[in-house]
Amino acid sequence: MKAQRVSLWLVAAMFFLCSVHTRGLRRCLISMDIHHIEETFQEIKKTIQAKDTFQNVTILSTPETLHSIKPLDVCCMTKNLLAFYVDKVFKDHQELNPQILRKISSIANSFLYMQKALQRCQEQRQCHCRDEATNATRIIHDNYDQLEVRSAAIKLLGELDVFLAWIDKNHQGPSAA
């Protein structure tokens with residue numbers, strides 16, 4: 001009888017811990033309209049991708065980058081890539097067309113907002129960085145650094161739809177708008 005109670009208690013404790021862990025991951029949702037950012041990007045996508053001189057090369061779509069990220073690493077990977085886009089890609093890109101520059105600035109501002117949301121998660125210790133996320137981030141940085149700066153910035157700007165779709169898939173909750 002005691003063994004049965006202990007077993008029942010252990011099952012209940014495991015269920016509770018799993019549900020707490022899952023809810024902890026879901027608290028780092030990005031409450032932003034990713035579809036609006038995607039629409040903004042779609043307006044400039046053809047122009048950006050037309051400037052891409054390495055159309056047969058991808059940085060974000062390789063199997064060892066975004067597609068291999070486990071749920072535990074999603075927050076960290078998102079945080080790392082948002083920072084990379086804000087600190088490197090948007091700054092390295094030199095755009096002369098004022099309409100496209102405005103769209104890119106709008107996307108960059110949205111990325112800053114998302115960065116702040118994930119920063120709060122990290123401060124609350126809900127956004128852990130494991131080796132897998134760090135390695136995937138390093139691969140993206142290395143692939144970026146192998147290209148000339150301007151070409152690399154255009155390449156990753158042209159792959160924004162891949163990153164945005166990944167964010168949408170991994171961070172949007174039912175109440176996110």
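Yeah, the Cβs are placed from backbone N, Cα and C, and that goes for glycine too.
For reference, TrEMBL has these:
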type	residues	note
SIGNAL	1-24	signal peptide
DISULFID	Cys28-Cys121	disulfide bond
DISULFID	Cys75-Cys127	disulfide bond
DISULFID	Cys76-Cys129	disulfide bond
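Here the features listed in TrEMBL are placed on the structure.
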{"residue": "Cys28", "record": "disulfide bond", "Cβ within 10 Å": "22"}
{"residue": "Cys75", "record": "disulfide bond", "Cβ within 10 Å": "25"}
{"residue": "Cys76", "record": "disulfide bond", "Cβ within 10 Å": "23"}
{"residue": "Cys121", "record": "disulfide bond", "Cβ within 10 Å": "21"}
{"residue": "Cys127", "record": "disulfide bond", "Cβ within 10 Å": "23"}
{"residue": "Cys129", "record": "disulfide bond", "Cβ within 10 Å": "16"}
By Cα geometry, the one of the disulfide-bonded residues (Cys28, Cys121, Cys127) nearest Cys76 (disulfide bond) is Cys127
At the level of the C-alpha atoms, what whole-angstrom distance separates Cys129 (disulfide bond) and Cys75 (disulfide bond)?
8
Round to the nearest Å and give the CA-to-CA distance linking Cys75 (disulfide bond) with Cys28 (disulfide bond).
7
Measuring Cα to Cα, how far is Cys121 (disulfide bond) from Cys127 (disulfide bond) in Å?
6
What is the separation, in Å, between the Cα atoms of Cys28 (disulfide bond) and Cys127 (disulfide bond)?
8
